[in-house]
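To start, the structure itself, in structure tokens.
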Amino acid sequence: MSKTNSKLASVNGVNRRQFLATTAKASCVMGMVGLGLTTVATQSRQLDPFAIRPPGALAEDDFLSACVRCGLCVEACPYDTLKLARWFEGAATGTPFFTARNIACEMCDDIPCVKACPSGSLDHKLENIDNAKMGIAVLIDEKNCLNYRGLRCDVCYRVCPLIDKAITLELQRNEKSGHHAMFLPTINPDVCTGCGKCEHACVTEQAVIKVLPSHIAMGKSAAHDTYQHTEETTLEMLNKGLSL
Amino acid sequence: MSSKHSSTSKLATRFASDAVEELGWWRSHRFLILRRLSQLSILSLFAVGPFFGLWLFKGNLSSSLFLDTVPLSDPLVTLQVLMSGHWPELSLLLGAIIVVGVYALLGGRVFCSWVCPVNIITDLASWVRRTLSLPRTSEIPQNLRYYMLTLVLILPIFTGFAVWEWLNPVPIIYRALLFGTSSGLWILVVIFLLDTFVVERAWCSHLCPTGALFSLIGKVSPVKIAAVRAEACNNCMDCFTVCPERQVLKPVLKKGSIQPLILDSDCTLCGRCIDVCAPRVFQYENRFNSKYSNRIPLKVESQL
């Protein structure tokens, strides 16, 4: 009986003490490896502001939890817009992105990249490409924008797939000349899909209009600020006797 | 002294020269060549899409679509996605189930030796070690890979994303070739150096969590290697030298062993033991072959 017990106590020639010691050592090593891995991954999950995710991409954190980095969206893209990120590049390694200044999103009606995604990191609920929110175009440098200098460049406005909805030209008197008009490209962030056509087409050496990820491009009002939910001004609301 | 001399002179002449003499060059390299062909063909099947527009497989080993209909996905990355709290589209889950099913049938670690491109690099490292007769290196426990597997599956719970996919060398090779993202190949250089100079067979046989998962899947597989003529063994040790998981050979070659099947699922079914064995001890076998099913092996026997 005792012989059987001693045999059981050393399965594979390992006794309890050795087992515990090895397990403890291995767990410590794994703890360190885990910390290292997490550090590397957390550091490099910071997304480069010019790396734009494909249409339908979940918010960055959710996207990274879902994306399996298979490249099916990249292979589905008919315009070679999408790329997989490399190590030491702006997006988490192996995940899809595009750089609008190089190749912008052509906003295909059938959205092949989203359909190809097996993991749902590109949301299959996106059925109309006009509702995509890849990013938001921002006219980031008015000083160098030709339209702000009083010229009629209008290229960003003309190439916009949602012309007059996502980008409008707002008329303003040219104070410099005194008798001309300026046509200022103005972006409607609620409509802009972030396809990047405007950034791609901008004629200046460095684009003055750039697509940025929504979380960088957009501010956010406080939740208690009721004013944001209405078109009326604070004064009008006060005159009507509405609570602010 | 004399035995030491004979072993060094044997290495100096040529590894497995007995088998080459006895079986001929092809028979003694058969499974090595077939495996390389298999690994490279599978890589090519993926590559003819992006390079020649012939889309047989889309995607990479993480997830792919065969002939635009059959989804296939890596069970490890699928589990990571699930652990990170995201419920994927059906095709990813279905793909993982298909892959698990196929490898449960063919033998789990068949993936490692017949599909995985990292195996080419670690086999190269092992060949370099053998050819240069590099001294024995430090040992690390074989079961570390199961700790790695646990770690890889636990990390997504705490971090919320598939941490391992940053470093997983298996898809890195495929992405480098198919999508031109070659800057991740530094990881393979690290693995080569690790395997050659630090710990023998460190990656594939000690650390890789993908291999660990496929080893678990292989536990139910019918395909096994069997030492059908163990009595003919002349103790030349060539199979031990070449085997990436030499602990699996011990139970079947031990004197008085009554169980010819290598049941340890760490066996990668690479077939190199069949190649290098001059007395033809080994062959592939169906575990449920009536020859072996007349008695159920005791648990102790399969664990020895």
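The backbone N, Cα and C atoms fix where each Cβ goes, and this holds for glycine too.
Predicted, not measured: the structure shown is a model, and the values here were computed from it.
The following features are taken from TrEMBL:
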DOMAIN    B:224-254  domain '4Fe-4S ferredoxin-type'
DOMAIN    B:259-287  domain '4Fe-4S ferredoxin-type'
TRANSMEM  B:37-57  transmembrane segment
TRANSMEM  B:92-125  transmembrane segment
TRANSMEM  B:146-166  transmembrane segment
TRANSMEM  B:172-194  transmembrane segment
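According to DSSP, the secondary structure content of the domain '4Fe-4S ferredoxin-type' (B:259-287) in residues is 5 helix, 6 strand, 18 coil. Looking at B:37-57, B:92-125, B:146-166, the range that has the most CB pairs within less than 8 A of the transmembrane segment (B:172-194) turns out to be B:92-125. Residues in the domain '4Fe-4S ferredoxin-type' (B:224-254) partition by DSSP class (helix H, G, I; strand E, B; coil) as 15 helix, 4 strand, 12 coil.
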